[in-house]
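Trainee: The following block contains the structure, expressed as C-alpha cells.
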Amino acid sequence: MAGAIIENMSTRKLCIVGGILLVFQVIAFLVGGLIAPSPTTAVPYTSVKCIDVRKNHHKTKWLIPWGPNPCEKLKDFNEAVSRQIEANDIVFAVHIPLPKKEMSPWFQFMLFVMQLDIAFKMDNDLKENAEVTLDVSLAYRDDMFDDWEEIAHAIEIRKLKCTFGSPKTLESEGRHYDCDFLPFMEIGSVAHKYYLINIRLPVNERKGINVGIGEIKDIRLVGIHQNGGFTKVWFAMKTFLTPSILIIMVWYWRRITLMTRAPVLLEKVIFALGISMTFINIPVEWFSIGFDWTWMLLFGDIRQGIFYAMLLSFWIIFCGEHMMDQNERNRLSGYWKQVGPIAVGSFCLFIFDMCERGVQLKNPFYSIWTTEVGTELAMAFIIVAGICLCLYFLFLCFMVFQVFRNISGKQSSLPAMSKARRLHYEGLIFRFKFLMLITLACAAMTVIFFIVSQVTEGHWKWGDITIQVNSAFFTGIYGMWNLYVFALMFLYAPSHKNYGEDQSNGDLGVNSGEELQLTTTITHVDGPTEVYKLARKEAQE
C-alpha cells in the first residue's frame, strides 16, 4: 500500500513537472512570435558609378557616392564612352547604410550578396563559364566628417551563371541576362556606424581579365543583418537561461556526489550535456556591443557544434543504458560504433567552417564556393558529414526499437510481483517510454532546425521569394533545448529515498534501504538496481 502511494506521488510530481515545462515551452515560442521582430533584415543597395582618373588609382583615396566630398558620378556607360572614360577608371561605390541612417552593434553581422546587371550586345556577348574579377575594398568611419579607415582589400574572382531567355539577335540587344546572385562579403561584427565599399572591374585584354563578361550596366548588393530588436530579445533569453541551467547543474552533481558509489556513464553524459548547454547559453555576445569581435560567428558555430555532438551522443547512450539486457555498457568504449560517426561528421563540419568563416576573419570577401576546387572540397566535407548522420540515425532507430521490444518483454514478469512492486516497475517503464518519446520528438525538431539553418545560410534567394526564419521558431527551439536538458537533470538525479522492508523483501530479494533511481544499469556498492536485477533474472530463467 505504501509503495502504491509513493508511486502515485511520483507520477503526480512527474505530471506537475511536465506541465510546468510545457508552460515555459509555450512562453519561449510566444516570446519570439509576439515580442521579437523578424530575425534578419535585407536591404538592397545600388552602386554609384564614380570616376577615378588619378594616375595609378592611389589606393588611399576612397570614392564616396554621397555625403561630404562625393565623387564625380556617371549616369551610365554611354556617358563614359562619350567622355572617353576607360573601364579601369570607373569605381562602383556603395555606402552602408542608406542616407540618414546608421549601423549599430546590435545588428551583430553583415552578409552581402551581389547581382550584376548584364545587357546583351552582339559585339560584346557573355561567354560560357565567364568569370568576373573584382578589385574590392572595405572601409569604415564613425563620423560623417572623419577619414575612412581600411578594413580589407582583396582581388576576388566570381564565376557568372547567367541565362538569356530570348534569341540572341539584333532585336534582343539591350535586354538583360538573368544572373544568379553571387556571394560577396560576410563580416562577423557591426562595430561602426558607416561602411564604404569600392568595387573596380579591372580590364586587361592581354591577360584575359574581365574579357567576355558582357556589358555590365550596374552592380547591385543585398545586405542582410540581424535586427536589433531580435538581438535584444535573444540576449535577454540567454541571460535568463544561463543561471537556470547552472543552478540545476550544481544541484544535479551534488546529488550524485552524495551517493556511496562513483558516477555512472549516463550520469556523466547528462552532466556533460548540461555543460555544453551552458556553453551555448553564456551571453558573451554582450561584449560584442562594445568590442569589434569579428570572430563571434565562428565562435557561435563551434559552440553549436559541441552541443549538437554532445546531444547526439547522449541519445545513443541514453538508449543503450536502457536496453535492459546482459551486455555491459557502463563505459564509453562500448559505444564506439555509434559515437564514431558523430565524431567524424563533427570534424568534417568543423573543417568546412574553418575553411569558410575562418578565412573570412582575414578576408571578408572570401567564399569557398567561388572556385571549383573549393566547391568540390566543401561538398566532400558536407557529403561525408551527411553519410555519418544517416549512419547515426540508423543506429539510433535500431536501438530505440530494441529498447521498446525489451521493455515490452519484461512487462510479462510484472503480474507475478506484489502490487506495490508491480506499481513501482510500471511507473519506471512508463517514465522510460515517456522520456524516449520526448527524446525522439526533440531529435526530430533539432534535425529540422539544423537542416533549415544549413540550407538558408549562404543560399539566400531574393526577389519574388524572401526567406525569413521565424523568430518564434528560433526562440522556441532554443527554449526546448534548455528545457530538455533541465528535465533530464531533474528527473535523472539520484534519489535518496529509502523503501522499507515491505517492498525490499519482495520478489527479487533486494536489500532493505536500496536506493531507487530512474536509470537502469546504475551499479551501487551493494549491487545493481532493481530493474537491472529484473532483466538479469529474466535472462537466467
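Glycine is no exception: its Cβ is also placed from the backbone N, Cα and C atoms.
The feature domain 'Wntless GOLD' is assigned by TrEMBL to 48-226. Here TrEMBL flags 227-496 as domain 'Wntless-like transmembrane'. Residues annotated as transmembrane segment in TrEMBL: 233-253, 265-284, 296-318, 339-359, 379-407, 428-452, 472-493.
Are these features on the surface or tucked inside, and what touches them?
Mentor: Note on the domain 'Wntless GOLD' (48-226): its mean pLDDT in the predicted model is 88.
Outside the transmembrane segment (233-253) by six or more residues, the chain places 28, 31-32, 35-36, 270-271, 274-275, 277-278, 281-283, 285-286, 471, 474-475, 478-479, 482, 485-486, 489-490, 492-493 with a CB less than 8 A from a CB of the stretch.
If one looks beyond the transmembrane segment (265-284) by at least 6 residues along the same chain, the residues whose Cβ comes under 8 Å of a Cβ in the stretch are 235, 238-239, 241-242, 245-246, 248-249, 252-253, 256, 299, 303-304, 306-307, 310-311, 313-314, 317-318, 321, 329-332, 481-482, 485, 488-489, 492, 494, 519, 521-522.
Long-range neighbours of the transmembrane segment (339-359) within the same chain, counting only residues 6 or more positions beyond its ends whose Cβ lies under 8 Å from a Cβ of the stretch, are 186, 188, 297-298, 301-302, 305, 308-309, 312-313, 316, 332, 366-368, 374, 377-378, 381-382, 384-386, 388-389, 391-392, 395.
Counting same-chain residues at least six beyond the ends of the transmembrane segment (379-407), those with a Cβ under 8 angstroms from any Cβ of the stretch are 312, 315-316, 319-320, 322-325, 337-338, 341-342, 344-346, 348-349, 351-352, 429, 432-433, 436, 440, 443, 535.
Here the transmembrane segment (472-493) has long-range neighbours at 14, 17, 21, 24-25, 27-33, 36, 39, 233-234, 237, 241, 244-245, 248-249, 251-252, 255-256, 266-267, 270-271, 273-274, 277, 280-281, 307, 311, 431, 435, 438, 442, 445-446, 449, 517-519, meaning same-chain residues at least 6 beyond its ends whose C-beta is under 8 angstroms from one of its own.
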